[in-house]
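Q: The structure's right below; bear with me while I get my questions together.
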Amino acid sequence: MKVYNTLTRTKEEFVPLEEGKVKMYVCGPTVYNYIHIGNARPMIVFDTVRRYFEYKGYDVNYVSNFTDVDDKIIKKANEEGVSATEISERYIQAVKEDMKNLNVKPATTHPKATEEIDGMIDMIQTLIDKGHAYEKNGTVYFRTRSFDDYGKLSKKNIDDLEAGHRDIKVAGEEEKEDPMDFVLWKPKKEGEPSWPSPWSDGRPGWHIECSVMSKKYLGEQIDIHAGGEDLIFPHHENEIAQSEATNGKEFSKYWLHNGFLNIDNKKMSKSEGNFFTVREIGEKYPYEVLRFFMLSGAHYRMPLNFSRELMEAAKNGLERIVTAVEKVKGLMEKAEEKPLTAEEKEFLTELERLNEKFDAAMDDDFNTADAVSAIFELVKLTNTRMKESSSKEAVEKAYGKLTLLCGILGIEAERKEELLDADVEALIEERQTARKNRDFARADEIRNELLEKGIVLEDTREGVRWKRA
Ligand code: AMP
Ligand code: ZN
């Protein structure tokens, strides 16, 4: 299995630190708003990487953080006149809902920066003790030149970087020993959340949180560290400096970075204002179409341009797969158990060949676009070969293979069962009875069950009204 490692700029054979195990850390979102579909790209891509490792039999420990203390969160909290925690909790819930809709599995652990402050203070103290960091007026800086390998991930030379930095004076950071030094801890300003520390009441810098959370939940060395390519510099470069200076060991063996999701060939970003939230797109297309678009549209390292045409193409492609799955499912109910014909034996061999083709694409640095092509071949083959007279074993194997391969990509290739109006009415009646009996837990359970199936209830004076979302 080959993975492209940003650290070496080559595709390398994947060899885990420990046999049968993968420890991976994926930088998560800063939670101050609904995520846009660009933010969803790393979530979907690396969830697929995880699913593929699991299919290959690895035990994957997957950690992804929530950055819940940050200037943008504080700004939003001040605008709304609420606490920073209220903002971050609101959007953590929203991200979790978006992830569920996109069929992104919850991480093994989802640490939050604000709950890991002690660990950050410890690591910063270690860095100070080792001469890699220093304090000035309550701020602690990383002494970038003390780390010899600085620039190894981004392939930047520290002197060139410094030349570019010389004229840039960051307000309040004139006290730094060197313009290349970066903040590990900063004192609070009026109205900001803060924590006590040996240096000042303040809060951590962004980079230190990932070094600390990765070490706490995965250990000093991990197999894979991942995120969008904009994180290579400075975020991941600084994480390497902090972690390796602290632990004296290589931090992550492989560094994986996804390309940008663009719109009109420009990066989709909140600051540019050219973005769609996952929710906005979810109102126009089923969520699985968005996931399918991300995986079929381009290799994860390449840029991917978002457009209505490509989403329509993804929708049609997915529909073709779902129709084939539904067809074999229907055949399965009626098919008889009988010996395989010679043609069916050959069909089963072809299924295995296409499974191998799928695996070969995924083994080549997770080429999901090619893996999807193998699924389309499988769809075509199934549509032409499977018929009313097919044996049970053949249709079952076709169904099993289609759903297996789609599942590795996190695509549920079955039509969602729609609730009939009568079923909805019956559940509403049960909810009314539960409420009369003051069994509110059951009443809420029914409301949520309906919501999951896209039915929204509205309690009015005339009784309960419902609609399909
Ligand atoms: P942020 O909340 O900005 O830290 O972003 C969370 C994750 O989304 C990071 O891994 C970013 O690299 C990634 N990301 C942000 N914008 C895009 C985009 N337009 N395309 C792909 N990935 C993105
Ligand atoms: Zn990070």
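Backbone N, Cα and C atoms are what each Cβ position is placed from, and that goes for glycine too.
The Zn(2+) binding site feature in TrEMBL is assigned to Cys27, Cys210, His235, Glu239. The ATP binding site annotation in TrEMBL covers Lys270. Per TrEMBL, the feature coiled coil maps to 318-364. Per TrEMBL, the feature domain 'Cysteinyl-tRNA synthetase class Ia DALR' maps to 357-420. Residues or ranges marked as motif ''HIGH' region' by TrEMBL: 29-39. Taken from TrEMBL, the feature motif ''KMSKS' region' covers 267-271.
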Q: Could you measure between the residue listed as 'ATP binding site' and Cys27 (Zn(2+) binding site) for me? Cα positions, answer in whole angstrom.
A: 17
Q: How many other Cβ atoms sit within 10 Å of the Cβ of Glu239 (Zn(2+) binding site)?
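A: If we count other Cβ atoms within 10 Å of Glu239 (Zn(2+) binding site), we arrive at 27.
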Q: Of these binding-site residues, Cys27, Cys210, which scores lowest on Cβ atoms within 10 Å?
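A: If we count Cβ atoms within 10 Å for the binding-site residues Cys27, Cys210, the smallest count is at Cys27.
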Q: Are any of the binding-site residues Cys27, Cys210, His235, Glu239, Lys270 near ligand 1, with a Cβ under 6 Å from it, and if so which?
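A: Among Cys27, Cys210, His235, Glu239, Lys270, near ligand 1: Cys27.
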Q: Go through the chain and flag residues at least 6 beyond the ends of the motif ''HIGH' region' (29-39) whose CB is under 8 A from any CB in it; none is fine as an answer.
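A: Same-chain contacts beyond the flanks: 66-68, 70, 72-73, 75-76, 87-88, 91-92, 94-95, 98, 228, 260-261, 267-270, 275-279, 281, 290, 306.
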Q: Other than Cys27, Cys210, His235, Glu239, which residues of the chain come within 8 Å of the Zn(2+) site, judged by Cβ distance to the Cβ centroid of those residues?
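A: Going along the sequence, the neighbours come out as Trp206, His207, Glu209, Ser211, His225, Gly227, Leu231, His236, Asn238.
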Q: Below 8 Å Cβ to Cβ and six or more residues apart, same chain only. Which residues does that give for His235 (Zn(2+) binding site)?
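A: Looking at Cβ-Cβ distances below 8 Å from His235 (Zn(2+) binding site), excluding near sequence neighbours, one finds Cys27, Trp206, His207, Cys210, Gly227.
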Q: State the count of C-beta atoms found within 10 angstroms of the C-beta of the residue listed as 'ATP binding site', not counting that atom itself.
A: 17
Q: Taking all residues of the domain 'Cysteinyl-tRNA synthetase class Ia DALR' (357-420) together, what is their mean pLDDT?
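A: 95, rounded to a whole number.
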Q: What is the three-state DSSP composition of the domain 'Cysteinyl-tRNA synthetase class Ia DALR' (357-420), stated as helix, strand and coil residue counts?
A: 42 helix, 2 strand, 20 coil
Q: Reported in the order helix, strand, coil, what are the DSSP residue counts of the motif ''KMSKS' region' (267-271)?
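A: Going through the motif ''KMSKS' region' (267-271) residue by residue, I get 0 helix, 1 strand, 4 coil.
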Q: Under a three-state reduction of DSSP output, how is Cys210 (Zn(2+) binding site) classified: helix, strand, or coil?
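A: Note: Cys210 (Zn(2+) binding site) is helical by DSSP.
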